[in-house]
Each structure stands twice: as C-alpha cells, then as structure tokens.
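Okay, so here's the structure we're looking at.
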Amino acid sequence: MVNLEVKLSNLRFKNPVLVASGTFGWGIEYNRFFDIGLLGGVIVKGLSLNPRQGNPPPRIVETPCGMLNSIGLQNIGLEKFVSEVLPQFDSIRTNLIVNIYGSEIGEFVELAGRLNNYKQIAALEINVSCPNVKAGGAAFGKDPEVVFVLISSIKKVCDKTIIVKLTPNVTDIALIAQAAQSAKADAVSLINTLTGMIIDTKTKKPFLGNKFGGLSGPAIYPVGLKMVYETYEKVNIPIIGVGGIYNADVAVQYILAGASMIQIGTANFVEPDISLKIIEGIRRYLEDEEIDDVNKLVGLAHN
Amino acid sequence: MKTIVLNNDQVAKDTYYLQLQVPEGFKYEPGQFLMLKINKLNEPLLRRPFSIAKVDETIDIYYKVIGLGTNILKSYKKGDLIDFTGPFGNGFDLRNKRIVLCGGGIGVAPLIGLKYFLDSKNITSHCFFGFNSKEDCFVDFGEIATLDGSLGKKGSVVDLLEDLDNSFHVYACGPKGMLKALCELADRKGFSMDISLESNMACGFGVCLGCSINTINGYKQVCKDGPAFNYTEIIW
Ligand SMILES: Cc1cc2nc3c(=O)[nH]c(=O)nc-3n(C[C@H](O)[C@H](O)[C@H](O)COP(=O)(O)OP(=O)(O)OC[C@H]3O[C@@H](n4cnc5c(N)ncnc54)[C@H](O)[C@@H]3O)c2cc1C
Ligand SMILES: Cc1cc2nc3c(=O)[nH]c(=O)nc-3n(C[C@H](O)[C@H](O)[C@H](O)COP(=O)(O)O)c2cc1C
Ligand code: FES
C-alpha cells in the first residue's frame, strides 16, 4: 500500500488532489457525479463580502486545448454562503477551502476574520490573482509589498491555514511567493489563469464581453509547471500546483517539480469525475515506481 | 457516462440525425440538453451542448455541422461509444393556453421533443418551422416557411405567426435574429412566449458561470436557469 496522505500546516489531506476554485462551484453540485468526500479537499468558488454580478456575456470561449473565461468573480456573497452552502459541508468528509477575494485590503481582512468563526472551513485560499476584475484582482498579486501587508493582516485575524494564490502574469512569480512566505502564509498555490483574448473575425471585435479573459486548460500546463519548479527553489513553504492538469501524468510532473499538492481546474468541466481518476493514477504511478509515499516524490525533478 | 451510437445519418444540408441508446434510468423532460464529449484528445477540449429532440426507444439529436466539434461528431458511426453528461437544464414550462411551437433552422430540434410530449398527453399544438431553403428542412410536419420560397411559404417563420392573439402561448427556438423578431411580435400581439436560448458552455450544469445572459433579474445561467426563458425576461 502506498501512502497518499499529505499534511499542510496542521491539516491532514487523505490525498494530494484538490479541485480548483471557480471550476467546482460550491462543491456540492459535483455530488451528483461522485462522492466529493473522496477528494483531498474542495476549493470553492471565489467568495467576496458582498454578492457580485460578474462580467457581461459572452464570458467563455474555447481556445486550442484550453479556454478563456471572464466570469469576473460572480458569487453569492458571504451571508448567503454561510447560510446556504456551509451547513451542507457538515456531512462532507473532506477539507473545505474557501477562496476569497476583496477589492481592497480591508475587505479581504474583514472576510477572513468572519470566515474564521466557521468550523467547517479548513483553510482560506487568498486570491490575489484574478485577471478578470478591475479593482484589486491581479494588481494585488503583482506587488510583493502589497502581498506582504495583505497576508500579514489576514494572519492577525484568522488562525486557519492560509494559502496564497498567485498570478502567472508577473515577471518573477518566485518573488511574490517569497513575500507570501515572509508574511507567514502556510502555502502558495500557482498558477491562476494567464491573460489572453480572442477577436471575432466576423464582428471584428473582441469576443468576450470583458474583452480579455483568463486562459486555462491543458494548453497552460507547461507554464504552470515551470513556475512551480522555479518557486520550489526559492521558498520553503509548500506549493500547491495548478494549471492545465488533465491526467495523472501531468499531476505527477507537478509533484516532481515541487508541488506538495495539486488542483484540478478546467478538466472538471470536461470530465466531472476526473479528479478521482487522477487520484487513482497517482497511486498506480507510485506502485509502478515502487515508491511507498507520495511525499517522497515532491521535488524529485531538482538535483 | 458512455452510451452507444445507433445511428448518425445526414438528413438535410449539413444536418445530421444522431440516435443514442437510452442508458438505464435515463429520465428527460422536453427542453433539456446533453453535453457530448466529442474529442478523444484535448481538442476540441470542451463538451458541446445539444438539445434532446426526443426520447423514446432512443435518444434523438439533430445537429448542424458548423465547426471543429460538429465536424468530428459527424464521423461517429453506428456502434461507436460516445460520452455524455446530462440531461441538464430546465424543461419547457407547460402552459394552459393554445400552444404554438415555432422553430428556426436547427432550433427546431428541441421543439420536436416538445411536440412528441404534447401529443402523448393529447394536448393540441400548432407547429411553424422556418428554414433558409428546402435543403435545410429536416421535419415532416408543421407549416413551413423558407426564405427562398423553395418549400412552404416564402419568407420568415415569424410572418406565419401574424394571426396569433393573447389566447396563445408560443414555445420558440432558433437564431437570435428570429427570436428578437418574435419578441417584437409578441409585444404587439399580446401572446405569451418562452424561448430556448444558446450560449457558449463549459460545464452545462451551473458551476463555471460561463453561459450567463443578461435578464431583467440580473445575469442568469442558460444551462441551469434555462435554456428556456420567458421572453419578457431577456435583455437583448
Ligand atoms: C442548450 C443548447 C442546445 C443546443 N442544441 C443544439 C441542437 O440540438 N443541435 C445543434 O446543431 N446545435 C445545438 N446547439 C448549438 C451547438 O452546441 C453548437 O452548434 C456546437 O457547440 C458548435 O460546436 P463546434 O465545435 O462545431 O463549433 P465551433 O465554432 O468550433 O465551437 C467553438 C465553441 O463555440 C461554442 N459554440 C459555437 N456555436 C455555438 C452555439 N450556437 N451555441 C452554443 N455554443 C456554441 C462551442 O460549444 C465551442 O465551445 C445547442 C446549444 C445550446 C447552448
Ligand atoms: C471559469 C473559471 C473560473 C475561475 N474562478 C476562479 C476564482 O473564483 N478564484 C480563483 O482563485 N481562481 C479561479 N479560476 C482559476 C482556476 O482556479 C485555476 O487556477 C486555473 O483555471 C488554472 O487551472 P486549470 O488550467 O486546471 O483550469 C477560475 C478558472 C476558470 C476556468
Ligand atoms: S455552462 Fe457552466 S454554468 Fe452554464
């Protein structure tokens, strides 16, 4: 038997496979396809203090081996999340991670402080990287000093595990990861989507209602992989790899590059139960390679 | 879930009729759709939404070949396995009025299922379908209009609905231009109407929030809140 269990701060995960924010709804929707309790953890849709409408349609378009989205963090807001979604997690046996977003530091801090009261929540993933919102969004995640101040402030009001989700739309992602580490973040996840656009040659105008969108899907995995590899050499806190993972082989590549855990995003839309297959695929890989513990795989691509 | 392709034949210009084996326990309401996984590799990546035209001994789908995905779909052969999720979406909301079905082009597809359902309940309905030309027509019932006059009445299917008054309820599906014209007609004539809309979709069941459309009640998801909407709700 191989060990798939991983630890992050004081949390235990039954396996290293999480599902990425914005691609798994509020989690419970996927119960129609499989028992989401089998996952290492569930990261729910980006949550803000107040409900957000999101961006004008059209919001998605397919690209070669990927997609562009400009959802703009549409969500139901804290109050409804707490009254309608959270209670459903009483009976779900996996770690619930809430991805949060604020348009200014004060909003992030208030949200983190209020979520700290709920026992169903294992960790917060701080989204400083959404490319689809004007205020805050990726602008936060591009400045190491802002990241430091933001995460330090959140740590003061919230004692849950704090994961910082980074944007790839920067010159040096490791620098931002270091800022998160200095602010005592428990982990970093990378990457969020890459900014991109599509122009409709019939109308001769940008296709998306918001003009630009975030690129995700298999097309981006070599980019995410390189960023995880690079960051692994610069920080000591765990890295959670995300970006284009669509099978166990790519998941294993992320772990070899230095990710302690991985997240499945866009692939959930195409195959709702893909994360279960990837858990099994990782297990099989370890058996075939005669490695008894997934933790022994982390970072092996570095010499 | 996977099922078997039983038939995949051309029935009109660029239009195919796909029949799938009904998996055990499969339930459906008229107006719902399936998400078909057409690729085996990563391109095209996303599933494609298709209305269920009918479920009887088989699941019937009519589709128009327009791009990468539907070009691959037409190469599926009898006996091949195809992967689907669904059925998704809300079915048509049934009204106790005189019922009219109005479809344009491939938008006729979801109305075939509705017609079949109404017939099975002995509810009378009047069908009006519009196509560009005779070669595009794939139904053998209802009153037909073609833009070039090669079949039925010459002109738009919207013209066939001029006589309706507020005692009627219309279920419509078709291209945006036709639906917009129908909305104006409905405003003028006072009949009520539900329209089935399209939007680019990634998931099909309400988690990606990609298929939003603008309504008087804010953005709504075509896959989950629709695809059928009351026409007065839509902001074009
Ligand atoms: C609820 C619903 C029901 C539908 N029912 C039918 C049906 O019964 N028969 C039928 O022929 N078509 C139907 N369509 C449209 C069908 O989904 C598209 O024609 C098909 O996805 C085009 O795929 P493609 O790869 O050939 O085209 P491409 O142009 O290569 O596709 C590129 C992208 O655009 C999306 N896309 C392109 N056109 C449409 C469109 N009109 N609607 C939605 N997404 C689109 C595709 O899904 C894909 O993500 C339906 C659409 C929706 C939303
Ligand atoms: C439709 C959609 C919505 C997303 N929403 C969020 C979000 O709310 N918060 C966030 O941090 N990331 C969001 N993401 C980014 C994903 O979590 C993930 O980082 C990215 O898609 C790359 O992974 P993938 O290629 O596996 O999808 C979203 C991605 C998609 C495709
Ligand atoms: S297609 Fe994903 S929410 Fe509608």
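Even glycines carry a Cβ here, placed using N, Cα and C.
Please treat TrEMBL annotations as automatic predictions, because they have not gone through curation.
What TrEMBL lists as active site, nucleophile is A:Cys130.
In the three-state DSSP reading, A:Lys45 (substrate binding site) counts as strand. Around A:Lys45 (substrate binding site), the same-chain residues six or more apart in sequence whose CB sits under 8 Å from its CB are A:Ser21, A:Gly22, A:Phe24, A:Gly25, A:Trp26, A:Asn75, A:Asn99, listed in sequence order. Positions annotated as FMN binding site by TrEMBL: A:Ser21, A:Lys45, A:Gly46, A:Asn99, A:Asn127, A:Lys165, A:Ile191, A:Gly217, A:Gly243, A:Gly244, A:Gly265, A:Thr266.
Residues or ranges marked as substrate binding site by TrEMBL: A:Lys45, A:Asn69, A:Ser70, A:Ile71, A:Gly72, A:Leu73, A:Asn127, A:Asn192, A:Thr193.
Per TrEMBL, domain 'Dihydroorotate dehydrogenase catalytic' is recorded for A:4-286.
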Residue, out of the binding-site residues A:Gly46, A:Gly72, A:Gly243, A:Gly265, whose Cβ gathers the largest set of other Cβ atoms within 10 Å:
A:Gly243
Report the same-chain neighbours of A:Asn127 (FMN binding site): residues 6+ apart in sequence with Cβ closer than 8 Å to its Cβ, ordered by sequence.
A:Ser21, A:Gly46, A:Asn99, A:Ile100, A:Tyr101, A:Lys165, A:Asn192
How many whole Å apart are the CA atoms of A:Gly243 (FMN binding site) and A:Thr193 (substrate binding site)?
7
Just how many other Cβ atoms lie inside 10 Å of the Cβ on A:Ser21 (FMN binding site)?
27
Going by DSSP, is A:Asn127 (FMN binding site) sitting in a helix, a strand, or coil?
strand
Mean pLDDT for the domain 'Dihydroorotate dehydrogenase catalytic' (A:4-286), rounded to an integer?
95
Let me check the 10 A CB neighbour count of A:Thr193 (substrate binding site). How many other CB atoms are there?
29
